[in-house]
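Chemist: One structure, as structure tokens, below. Some questions next.
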Amino acid sequence: MAFVTRQFVRSVSSSSTASASVKKIIVKHVTVIGGGLMGSGIAQVAAATGHTVVLVDQTEDILAKSKKGIEESLRKVAKKKFAEDPKAGDEFVAKTLSSITTSTDAASVVHSTDLVVEAIVENLQLKNELFKRLDKFAAEHTIFASNTSSLQITSIANATTRQDQFAGLHFFNPVPMMKLVEVIKTPMTSQKTFESLVDFTKTLGKHPVSCKDTPGFIVNRLLVPYLMEAIRLYERGDASKEDIDTAMKLGAGYPMGPFELLDYVGLDTTKFIIDGWHEIDAKNSLFQPSPSLNKLVTENKLGKKTGEGFYKYK
């Protein structure tokens with residue numbers, strides 16, 4: 001009933017696309033849930049572009065590490081951006097850091113935020129539990145967004161009563177450097193919410209692209225099957241992984257070959273994505289698991305982060 005009432009009120013106040021556009025949410029206050037690499041990066045770019053940010057994670061220790069990482073990243077940015085004026089660079093770092101506060105209690109800080117961006121572990125149940133809880137405390141106008149790269153946005157949105165104010169905001173790693181953001185619109189996402197998020201990404205200095213809630217969105221939907229096909233090519237013995245990498249770098253102009261990229265991303269990450277897609281659509285030939293990928297993950301050979309994947313690293 002709460003959802004029906006909420007939807008009715010919104011439909012009355014936004015009777016047309018034109019009026020919805022006029023009343024777009026201007027995002028000034030952002031709450032980022034998850035202090036890992038992605039969450040910290042999102043918090044950094046938001047704070048650096050004039051937004052006030054609350055970064056949330058489970059413990060003060062995690063948040064202290066996140067804040068330290070953000071400061072180190074900012075100093076690298078400042079060194080390049082203010083090469084001729086170190087003092088201005090120091091002021092930039094200090095101002096940006098002053099715009100970020102931290103908390104271990106998400107529910108207590110979302111009451112006045114314009115946007116909640118979730119960047120926690122890729123676990124649907126945990127994401128649903130988080131958003132279901134925050135839905136009770138967030139302001140009526142607050143937009144919810146997930147940074148998931150592989151899970152269905154609709155499935156996460158359905159844990160809330162504000163499906164019309166829920167979308168995907170998929171940033172890329174490292175967030176301060178990568179210009180692209182995929183803005184994912186579910187069948188329930190309102191035009192007002194979608195346009196508000198597009199505007200927000202532009203204020204971050206990013207380039208937004210839009211996509212429906214399809215597995216992998218744009219980038220991963222094209223990238224992951226390409227990586228998996230490279231593995232299958234190798235499994236069939238059609239070419240060595242070294243020659244496949246060389247061919248794609250010199251023939252297609254890619255900065256990394258598929259096996260180099262797999263090791264860089266993490267074989268466990270690729271396996272997680274392809275297993276999830278296979279579960280959704282087992283008959284799709286693009287989503288078939290790989291025996292060699294599964295074996296390497298089972299052996300904890302996950303790529304660069306463990307010292308060995310398809311290649312060995314010192």
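The backbone N, Cα and C atoms fix where each Cβ goes, and this holds for glycine too.
Below are the features I grabbed from TrEMBL:
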BINDING   G34, G35, G36, L37, M38, G39, D57, E122, K127, S149, N173, K305  NAD(+) binding site
BINDING   S73, K80, S149  CoA binding site
DOMAIN    29-214  domain '3-hydroxyacyl-CoA dehydrogenase NAD binding'
DOMAIN    216-313  domain '3-hydroxyacyl-CoA dehydrogenase C-terminal'
SITE      H170  site 'Important for catalytic activity'
Chemist: Can you tell me how far the Cα of K80 (CoA binding site) sits from the Cα of M38 (NAD(+) binding site), in Å?
Modeler: 22
Chemist: Looking only at Cβ atoms, how many others are within 10 Å of the one on S149 (CoA binding site)?
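Modeler: Summing over all protein chains shown, S149 (CoA binding site) has 21 other Cβ atoms within 10 Å.
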Chemist: Comparing the recorded positions K80, K127, H170, which residue's C-beta has the most other C-beta atoms within 10 angstroms in this structure?
Modeler: H170
Chemist: Among S73, K80, S149, the annotated CoA contacts, find the widest CA pair distance and round it to a whole Å.
Modeler: 30
Chemist: Given a 10 Å Cβ-Cβ cut-off, pick out the one of the binding-site residues G36, M38, N173 that has the most other Cβ atoms nearby.
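Modeler: Counting Cβ neighbours within 10 Å, the top one is M38.
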Chemist: Quick one, of the binding-site residues G34, D57, S73, which Cβ has the fewest other Cβ within 10 Å?
Modeler: S73
Chemist: Record lists G34, G35, G36, L37, M38, G39, D57, E122, K127, S149, N173, K305 as binding NAD(+); longest Cα-Cα distance in Å?
Modeler: 25
